[in-house]
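Listed in Swiss-Prot for this protein:
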DISULFID  Cys69-Cys141  disulfide bond
DISULFID  Cys160-Cys179  disulfide bond
TRANSMEM  74-94  transmembrane segment
TRANSMEM  123-143  transmembrane segment
TRANSMEM  170-190  transmembrane segment
Amino acid sequence: MAATAPKAGGSAPEAAASAEAPLQYSLLLQYLVGDKRQPRLLEPGSLGGIPSPAKSEEQKMIERAMESCAFKAALACVGGFVLGGAFGVFTAGIDTNVGFDPKDPYRTPTAREVLKDMGQRGMSYAKNFAIVGAMFSCTECLVESYRGKSDWKNSVISGCITGGAIGFRAGLKAGVIGCGGFAAFSAAIDYYLR
């Protein structure tokens, strides 16, 4: 941006102001996008949003509690329990062998027997889903806290740890397969959701 020469008959202050305008513009650019740019705290009120007061100590304490690994694990445990129970009841509902007595195959099961089997299967699925959800969520939170990053590697590492821990109950080979399978599943879900 070259400064234009002052017109004939123009005053000296006008010529100086026109020469300084590009200079002020370039200084402004340095503060906005250049080397002198600094991080700014953007308040919602300055952006046209609703201004919010500063957070109280109670609000900060509640936020810290809700961001803790224990809370995340408990939330995943409860969510897994509910989802697992619903999944167990659903699968028991479509299973044709619910309430089936192998001693008397021609007898029709009563509603009480069918509901009892559905409840048992729902509770079994609920417990398993709750344990897996709590283990995965807690492990992912701990890995994220240790690494200091929130990326796809956290879910893969925690998936491997969770799958390996579940699989090691059946032996070393099952633990390695569980580690790889759960890590691959976690990576696929993380890739699909992000």
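Keep in mind that glycine also has a Cβ here, set from the backbone N, Cα and C atoms.
Here the features listed in Swiss-Prot are placed on the structure.
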residue: Cys69; record: disulfide bond; Cβ within 10 Å: 16
residue: Cys141; record: disulfide bond; Cβ within 10 Å: 20
residue: Cys160; record: disulfide bond; Cβ within 10 Å: 21
residue: Cys179; record: disulfide bond; Cβ within 10 Å: 20
- Item | Folded-back contacts onto the transmembrane segment (170-190), same chain, C-beta under 8 angstroms, at least six residues removed | 136, 152, 155-164
- Message: In whole Å, how far does the CA atom of Cys179 (disulfide bond) lie from that of Cys141 (disulfide bond)?
- Response: 18
- Three-state secondary structure, which DSSP defines for Cys179 (disulfide bond): helix
- Message: To the nearest Å, how far is the Cα of Cys160 (disulfide bond) from the Cα of Cys141 (disulfide bond)?
- Response: 14
